[in-house]
Amino acid sequence: MEFPQQPQQQRPAGDGKITYPLGVKEITDKISNDEVVKRLKLVVKTYMDMDQDSEEEKQQYLALALHLASEFFLRNPNKDVRLLVACCLADIFRIYAPEAPYTSHDKLKEIFLFITRQLKGLEDTKSPQFNRYFYLLENLAWVKSYNICFELEDCNEIFIQLFKTLFSVINNSHNQKVQMHMLDLMSSIIMEGDGVTQELLDTILINLIPAHKNLNKQAYDLARTLLKRTVQTIETCIASFFNQVLVMGKSSVSDLSEHVFDLIQELFAIDPLLLVSVMPQLEFKLKSNDGEERLAVVKLLAKLFGAKDSELATQNRPLWQCFLGRFNDIHVPVRLECVKFASHCLMNHPDLAKDLTEFLKVRSHDPEEAIRHDVIVTIINAGKKDLNLVNDQLLGFVRERMLDKRWRVRKEAMMGLAQLFKKYCLHHEAGKESALKISWIKDKLLHIYYQNSIDDKLLVEKIFAQYMVPHSLETEEKMKCLYYLYACLDTNAVKALNEMWKCQNMLRGLVRELLDLHKLPTSEANTSAMFGKLMTIAKNLPDPGKAQDFMKKFNQVLGEDEKLRLQLEQLISPTCSCKQAEQCVREITRKLTFPKQPTNPFLEMVKFLLERIAPVHIDSEAISALVKLLNKSIEGTADDEDEGVTPDTAIRAGLELLKVLSFTHPTAFHSAETYESLLQCLKMEDDKVAEAAIQIFRNTGQKIETELPQIRSTLIPILHQKAKRGTPHQAKQAVHCIHAIFHNKEVQLAQIFEPLSRSLNADVPEQLITPLVSLGHISMLAPDQFASPMKSIVANFIVKDLLMNDRSVGNKNGRLWTADDEVSPEVLAKVQAIKLLVRWLLGMKNNQSKSANSTLRLPSAMLVSEGDLTEQKKISKSDMSRLRLAAGSAILKLAQEPCYHDIITPEQFQLCGLVINDECYQVRQIYAQKLHVALVKLLLPLEYMAVFALCAKDPVKERRAHARQCLLKNISVRREYIKQNPMAHEKLLSLLPEYVVPYMIHLLAHDPDLTKPQDLEQLRDVKECLWFMLEVLMTKNENNSHSFLRKMVENIKQTKDAQCPDDPKANEKLYIVCDVALFVIANKSTSCHLDSPKDPVLPSKFYTPPDKEFVNDKEYLSAEAKIVLQTGKIQQPPKQTGVLGAVNKPLTVTARRPYIKTFTSETGSNASTNSQPSSPATNKSRDVSSEVGARENEENPVITKAVSVKKEEAAQPSGRKRAAPASDGTENSVSSNPSAGSQPPLNKPRRGRPPKNSAGAATQEKEAGATTGAGAGRGRKRAAPSQDPSSTASTDALSDKTPKQQKEAEPKRAAPQRQIDLQR
């Protein structure tokens, strides 16, 4: 529509009179408003009916059109008048288009502002005039009347007012047509104008910010639709706005500047094309130096990238990569925001999981606890939505966090995995494939029970009861769940679950004992006993400090409330059912709830206790259900295969489960049906199944004889048969079962003992093992009845016929250890014979005869002879290892009885201790574990803890680490025992860990490796052993323990060695070890020189009483020795040696005892030198099989020369690095030189020492001679290193002893003297 060129208002032709439509009188200000309205309606009708082609009418009513734009109408106070005038004006613009009848710009502006104001009437759809308002809107939109305003200089004011009006009036009562006309009107202005000003843009965008969006949802929708429709036109304006605010920082350009990030999010959701020019600006903002600004951009982009159906990450890879970089932002809130975003991203965009995985991995190790926590939440939430959204790596991050140092993170990880397990493994919500993907969760959750924290243990118990085997299930379903869970668990998880039940049962026992004390009359002793029980119970609850106070309060309530005591008694009663248990817990909790408090920590602590002791899984009904499941597996009618286990596995695991439960819930087994099923198991071919069944009878069958005679009559012959001809384990259990459940046990045992004792035949060792087991256990359980016949059997058969004869020749394959199924029957019989001797003595537990003394000499002699008691050389190396282990274990077992410990001589103790340095890895490993278990249970005397000091000499890093852990555990157990038991203070000599030092010093002084007390290398070895123990003991200086240790060692220097008081050399060794100990203590502690409040007591068995006239203030360590002990380095005097000798010179490392290892060349050398694996890298997960390899099959491997050896390799220091493995399992190989066959055999060394570095510079001959030098390593044989082809060394040198070996051979020749002493 164009404007006429005339500057003045157009006048009608003629006399200037206004022509009104037919029937319409003149409209002036002289008439009433009602009359004006009446006449205007007719005018409106006239204009409505006119069209653009009516030229005559247009001319006729032109004056009227001009009149309607007068002040009278435009400023009329009556809204009906104004509405009708607006409708007329809209029609006038339609009719006269494209030339408007109004030529004044001011008049036009006034008219359009007037029309815009009338549009406000659209707000009320229920108004009688709404149709006219709608007509006005429709007319304006259809004609695009507002486009006339483009020619006005200040048209923006009109458009802003129009947009504001339309956005303000729209509401949910408007239909689609109203919205469409509004859109048409506004979009035409935007699309046909020269551009959108910032003010006009603000009127649109303001409707998108959250505050306005929530106030008027329809205005928000209108703005969205408008922007979508005009995207091509308005994008440039939007880009300009954001450019000024984001890049140029001109926040004053708009009042919406502070809402830019909200607007970007909304605009992106409307159409990403609106922001096509804005996104690069965000990348710039992501790199801002202002942390808060980066955080705001990250929050925004997180929403954009994470939005459903968003393709921003694929469309804008640079921005995506830049955003991912913020996962490593220095600002904690930014990293936190990124992690939170990852959850939405994983759920909405699984394809981006790969990009996120690496960044989440780094954040799972973030130093900030909240971030590690949120990583877990992110992954678990995605996994709960769909397991396919999280890959194995992401789940692995959660698994790692179960061991986080922070409890909150550990808890989140454990609970999250438990929820996934319940959803996908228990309820199978996503099929078997998903269940298989996370089948590891059950094992890893139970493994957490191994952690020391009580919080971890309690959470595992809670998870087990709620997620793994939900206690809310019906009994049959619950037991099916437990049955197959137990069958699928790995070994460590099974042990953890067993330990969990054991701990709960122990706690039930403590509560039962506490209730029993309440039944006794009040006394000081009773109160003290109660206090002890409460302290032990508190240790099994979270936050033991608070738990002690709450348990005291709970105990007080128990004393006052008899009903509460009765309910607690019912809860821990062996006959309490699961349903009764839940009811009891509710009742006890309800009683303790009053008075009600918002938080009641006392009640929470009691709940923890009740949850641990309540039997929510196992009762008689549950055991019956388990037995039925077992029967189905045996019959082949169970769902074993569907549950992912074979029937055999299900049966074996089911029996093992019942066996464990028979310890903790024996009463629940007492039913004929259960025992009938167990009898069927006894008849099965699977030895493990039968063994478990016997053990269940043993644990639960105390009432069988009186209440179930039919079961008794069937069971007795089966037990007899198992004791005579079953496996060794079955025989043991059968004998114990008879002893436990039958009243006439003497008769029953005699019926087994007599035929077995008559049928012993050493020539058929295969048939000897089970009888020896049965006889040993019978003699232990019924010593009075069988002591006399057993003495005869021991003397005539066990010792003379079996142990002192070698009937077969062992396999000379050179291995130091073989698998259990490869051990010869004769050796197995000999091992059982040694165990029989021990059981026989344990049964007697007295020393009235000389049986104990003479019997003890036998394992001692076995150790002296290195396992070859007859010394006929018939027995193999691996069999000798087995017998040494049996002999050492026998002395350990007997030492646990006070009566036998008293008669074990210091020499026998030293022999027993040296087994921990045996040359065979498995002997050291098994022996150390037996020693640790007995010590940690406080069964062995304190002196045996000193044996762990010798582990410093173990060449295998893992064995040293294990020994250190054992020491830490033993020391903490003893310290805790002293704290918890007031009576323990009377036995400090046998409990206080510091009192191990005198035993350790004495043991090291008698170490066969200490041949030359002033030898610097030997002194360094002594220091390593002392430091191995003292480092752990001196971690804390509790009660001035450092000065106590110093005084103890100084006191030892004022005594003599009780083992050989008149031997000056022996005493000198003792004093030198003392000086080394004092040196170590002084270097470790700055407070050791303070006065000790206590005077240490020394063991009279090892030290003479101090002589008051004897003052030993001599220093036995030279200045050079002190430097060596301080630095760990031995200065070697320069010697003229050949090139190879100089290259192969041994080096040492500070503070680490050097071990000579065999270094294999690239072409390989023959068998191993010693019993450590050649490479520490292969020892991380050691098992028995890793110790046995092809190299061990060679008794006398041929030494091959290397084709070429790099000079650098030859120069590798002997004591610095462990050699690379020549092959798997060189650990237990024995190598020797075939050319050495003509050499006279060396005296047998004491076993198991790691090889020593040569004191002087290594020469070619020393290196080569290591092969035959059995004495060089004190029982350790070395393989020759690869030889350089240029070397002139002759292989004859291999048969020569090294100088060190020659020197050490002399004291070894005195070894037989020790044997004579033992046999006196």
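Even glycines carry a Cβ here, placed using N, Cα and C.
Among the features that Swiss-Prot reports, compositional bias 'Polar residues' is placed at 1158-1179, 1225-1241, 1283-1293. What Swiss-Prot lists as compositional bias 'Basic and acidic residues' is 1180-1194, 1294-1309. Here Swiss-Prot flags 1255-1267 as compositional bias 'Low complexity'. Look at Swiss-Prot and you will find 1158-1320 tagged as region 'Disordered'. The repeat 'HEAT 1' annotation in Swiss-Prot covers 156-195. The repeat 'HEAT 2' annotation in Swiss-Prot covers 272-310. According to Swiss-Prot, the repeat 'HEAT 3' annotation covers 388-426, on the basis of sequence analysis. Look at Swiss-Prot and you will find 709-747 tagged as repeat 'HEAT 4', backed by sequence analysis. The repeat 'HEAT 5' feature in Swiss-Prot is assigned to 990-1028; the stated evidence is sequence analysis.
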Long-range environment of the repeat 'HEAT 2' (272-310) - Cβ separation under 8 angstroms, sequence gap at least 6:
227, 231, 234-236, 238-239, 242-243, 246-247, 261, 264-265, 316, 318-320, 322-323, 325-326, 329-331, 333-334, 337-338, 340-341, 344-345, 348-349, 352
Are there residues at least six beyond either end of the repeat 'HEAT 1' (156-195) with Cβ under 8 Å to its Cβ atoms? List them, or say none.
109, 112-113, 116-117, 119-120, 122-123, 125-126, 134, 137-138, 140-142, 144, 146-147, 149-150, 203-204, 207, 216-219, 221-223, 225-226, 229-230, 233-234, 236-237
So, by DSSP, how many helix, strand and coil residues make up the repeat 'HEAT 4' (709-747)?
34 helix, 0 strand, 5 coil
Segment-level pLDDT (mean, integer) for the repeat 'HEAT 4' (709-747):
92
Let's see if you can do this one: DSSP helix, strand and coil counts over the repeat 'HEAT 2' (272-310), in that order.
28 helix, 0 strand, 11 coil
